[in-house]
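Trainee: First the structure, which I've put down as structure tokens, then a few questions once you've had a look.
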Amino acid sequence: MSPESKKLFNIIILGVAFMFMFTAFQTCGNVAQTVIRSLNSTDFHGSGYTSMAIIYGVFSASNLITPPVVAIVGPQLSMFASGLFYSMYIAVFNQPFPWSFYTASVFIGIAAAVLWTAQGNCLTINSDEHTIGRNSGIFWALLQSSLFFGNLYVYFAWQGKTQISESDRRTVFIALTVISLVGTVLFFLIRKPDSENVLGEDESSDDQDMEVNESAQNNLTKAVDAFKKSFKLCVTKEMLLLSITTAYTGLELTFFSGVYGTCIGAINKFGAEEKSLIGLSGIFIGIGEILGGSLFGLLSKNNRFGRNPVVLLGILVHFIAFYLIFLNMPGDAPIAPVKGTDSSAYIKSSKEVAILCSFLLGLGDSCFNTQLLSILGFLYSEDSAPAFAIFKFVQSICAAVAFFYSNYLLLHWQLLVMVIFGFFGTLSFFTVEWEAAAFVARGSDYRSI
């Protein structure tokens with residue numbers, strides 16, 4: 001197998017492994033609040049929003065220390081160990097107790113930080129400046145396929161149900177646990193790429209990331225270097241500007257992955273289909289994500305205009321979705337009680353409009369995330385692990401804040417927060433992209449990014 005084929009193989013395996021893991025985890029997150037609302041009528045008392053706030057809060061803090069972990073252990077073993085904790089969290093839903101539920105939330109927050117730092121590093125060392133855009137698109141499309149498969153099962157399994165029984169819950173979460181474990185094992189198929197033509201090849205700390213037989217002294221040096229780089233990159237102009245864009249992706253991640261499905265499941269006017277519509281919503285979010293990731297990955301080789309048009313498309317699509325959701329959903333839908341809400345929206349609540357908005361949310365999200373992955377891999381090719389750690393730190397802390405306020409804020413206030421951050425995040429991305437065009441003058445084939 002040629003070096004380029006080996007790198008592409010690694011990217012595909014990386015994407016497929018994440019597809020399995022996040023088929024389980026994203027489906028879990030999409031239905032968690034609805035499942036827990038049903039559980040709250042028993043001896044269990046908890047909140048899916050609170051669990052997600054814990055996960056993303058711990059995730060954000062842990063991102064500060066994960067570059068040294070990935071530098072020492074390597075991305076492959078880091079992702080495998082993280083996958084085990086993801087599987088543990090999903091398994092807790094089979095017989096949840098408040099203490100085990102929230103404890104698992106803490107552990108998966110740590111695991112997520114390690115997982116995503118290792119993913120960014122693995123993506124970068126298997127790419128060069130000509131393939132980073134393509135590889136980002138391939139990975140993103142495979143990752144977001146996860147939204148399709150798990151939610152398709154939920155749609156058919158929960159058809160016509162207004163409450164989730166213990167049998168329904170266990171059937172779903174046993175299957176999701178097994179799927180997560182399959183994805184975890186797939187990380188062992190990733191091969192060490194040849195050292196030539198890898199992004200950041202001049203940086204020894206990136207070249208050797210997948211080496212496992214190094215001296216303890218060298219490991220310590222790599223850990224200290226990675227830790228220092230994380231703090232240095234935090235205060236660079238480009239990273240500060242991109243952090244505004246990243247903050248927006250954290251807010252809208254919370255909305256489409258946890259809040260929007262809960263809103264749909266709480267609207268009594270949708271009748272007996274309200275619970276199965278949660279699964280259908282997740283499917284159409286996934287279709288939007290897959291379409292965006294595939295399209296922008298294929299077009300990246302011939303995109304003479306850079307990343308800005310894709311991000312502009314993303315924010316326009318999201319603003320349309322937010323406006324339709326504002327009109328179509330009752331304001332109290334995110335915080336409705338177990339029995340749901342009978343409140344009226346500005347227009348008659350439509351299932352078709354709700355599902356259309358799901359698609360638009362997924363498409364817009366793929367616009368932002370594929371371009372952020374691409375520009376980070378390009379600008380910070382020699383410091384990939386610290387750069388992606390900062391990216392996930394900002395994204396996750398904003399997601400944690402959003403999950404926290406989702407317990408209290410009415411829908412229109414949540415939408416307003418996203419509109420404000422989306423507007424300024426788009427402007428800040430444009431600024432970095434325009435400055436990045438200066439790489440052309442230094443001989444980099446910028447159009448292929």
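Glycine is no exception: its Cβ is also placed from the backbone N, Cα and C atoms.
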Trainee: Quickly, which of N40, N213 does Swiss-Prot have down as N-linked glycosylation site? Just give the residue.
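Mentor: Record annotation (Swiss-Prot, N-linked glycosylation site): N40.
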Trainee: Cβ under 8 Å, sequence separation of at least 6 from the ends of the transmembrane segment (170-190): give me the contacting residues as numbers and ranges.
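Mentor: For the transmembrane segment (170-190), the list is 10, 13-14, 16-25, 27-28, 31, 75-76, 79-80, 83-84, 86-87, 90-91, 93-94, 122, 150, 153-154, 157.
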Trainee: When each of 8-28, 239-259, 309-329, 359-379 is checked against the transmembrane segment (277-297) for Cβ pairs under 8 Å, which one has the most?
Mentor: 359-379
Trainee: Can you tell me which of 8-28, 138-158, 309-329, 385-405 gets the most C-beta pairs within less than 8 Å of the transmembrane segment (239-259)?
Mentor: 385-405
Trainee: Which residues of the same chain, at least 6 past either end of the transmembrane segment (385-405), have a Cβ under 8 Å from a Cβ in it?
Mentor: 49-50, 52-57, 59-61, 63-64, 66-67, 70-71, 112-113, 116-121, 124, 205-206, 209, 226, 229-230, 233-234, 239, 242-243, 246-251, 253-255, 258-259, 372, 376, 379, 414, 417
Trainee: Which residues, given as numbers and ranges, are at least 6 beyond the ends of the transmembrane segment (138-158) yet have a Cβ under 8 Å from it?
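Mentor: Hits for the transmembrane segment (138-158): 11-12, 14-16, 18-27, 30-31, 123, 164, 168, 171-172, 175-176, 179, 275-283, 285-287, 289-290, 292-294, 297, 362, 366, 369-370, 373.
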